């Protein structure tokens with residue numbers, strides 16, 4: 001048994017109105033009225049509620065439905081007691097298996113939120129900043145972040161209250177989004193006109209007015225929820241004689257899940273025929289975003305007129321009461337969106353001022369980023385220059401070091417052994433000469449200075465005895481001299 005069947009009138013049906021949806025095929029031809037058969041097949045597909053914790057909400061509901069004790073308490077609890085948290089206290093009496101699964105669901109949800117927080121921080125460039133998850137989890141009021149491990153009574157109470165508040169604000173947020181959409185569309189149109197010359201602008205304006213007139217030229221739209229509107233569905237959608245219209249039979253035909261209530265989706269399905277009079281996806285002048293806004297307006301209007309206890313559901317009793325009112329039998333004409341502009345002139349001006357401010361902020365941010373880029377490039381150039389200077393200094397030091405340790409660069413190959421031979425021979429001759437000087441000098445013949453010079457040993461003529469003794473610039477010549485005999 002689903003939530004809506006367990007609770008005939010109460011808040012919790014609000015939570016599952018999106019979850020037990022099975023759209024009625026309005027165009028189906030029916031030749032006679034039949035009571036809807038009880039289906040034992042698989043449950044209708046769940047519909048996203050639009051809440052950011054939709055999956056968590058639906059999974060908690062699914063598992064609570066499996067506990068018999070909780071279902072019984074649900075059946076006997078009214079809406080006010082649910083809002084006061086009395087139903088949440090019954091969580092202490094559910095089976096251990098269900099509590100264990102709820103604990104697991106909560107841990108998964110907390111981990112999901114932590115992942116989202118970390119991803120947001122990474123996008124904002126705070127990778128190196130420590131994350132205080134406990135502080136950031138405070139923004140998620142639908143669970144108790146101080147106990148991330150087990151699902152307690154406080155968690156169910158928070159989930160009920162948060163879903164109530166968020167679903168009540170959901171329609172308001174949708175209206176605001178649509179208003180923003182319409183103002184953006186008009187702003188873009190005006191900006192496009194500024195780019196055209198006078199003739200092109202005139203043609204564009206004429207085309208725009210022509211599309212507006214064409215869109216407004218449609219059959220009369222019945223007042224949503226009125227007798228005429230429901231009879232049209234009865235006749236064209238259900239294939240029944242309008243003279244045989246019966247409100248109770250109509251309700252049973254279109255209560256698609258058979259829970260005894262019209263939820264918001266079941267109501268919106270009743271307006272399809274009216275919307276098809278105004279919007280055609282193949283027409284240039286028809287905007288499908290506007291069609292969904294029109295559907296929302298119709299559903300809200302019916303809820304305000306029929307939903308007496310404001311639980312966002314229409315019970316059979318509420319429906320039958322509404323069919324006896326004057327507004328049902330003699331309704332006013334329905335004004336469509338083209339007759340009610342979504343925004344005022346003041347709102348449009350404020351919106352355009354906001355766009356101008358946003359544009360200026362973007363330009364300022366782009367300018368700041370460019371300055372930062374220029375500064376980074378300047379710093380990079382300085383670093384590159386310092387790197388070159390450092391490299392040159394290292395090369396200079398290496399050069400000085402090589403000049404002190406390594407032999408002269410012109411001595412290569414076989415030149416070194418040859419020089420050693422020359423050195424050895426000169427040292428040998430020098431030693432022999434010193435021995436001769438130590439011996440008694442014999443009687444020698446007198447020679448002329450010229451003859452004495454001609455017979456004198458090279459070493460005695462004052463020549464350097466080794467190549468090291470040669471003056472600078474003459475050492476290279478000694479390398480090329482042949483060995484002495």
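Each position is counted from 1, following the chain as shown.
Just so you know, glycine gets a Cβ as well, placed from its N, Cα and C.
Where the annotation comes from TrEMBL, it is an automatic prediction and has not been curated.
Looking at the stretches 55-97, 98-140, 141-183, 184-226, the one that TrEMBL records under the feature region 'Disordered' is 184-226. In the predicted model, the domain 'EF-hand' (242-277) shows an average pLDDT of 92. Taken through DSSP, the domain 'EF-hand' (242-277) splits into 23 helix, 2 strand, 11 coil.
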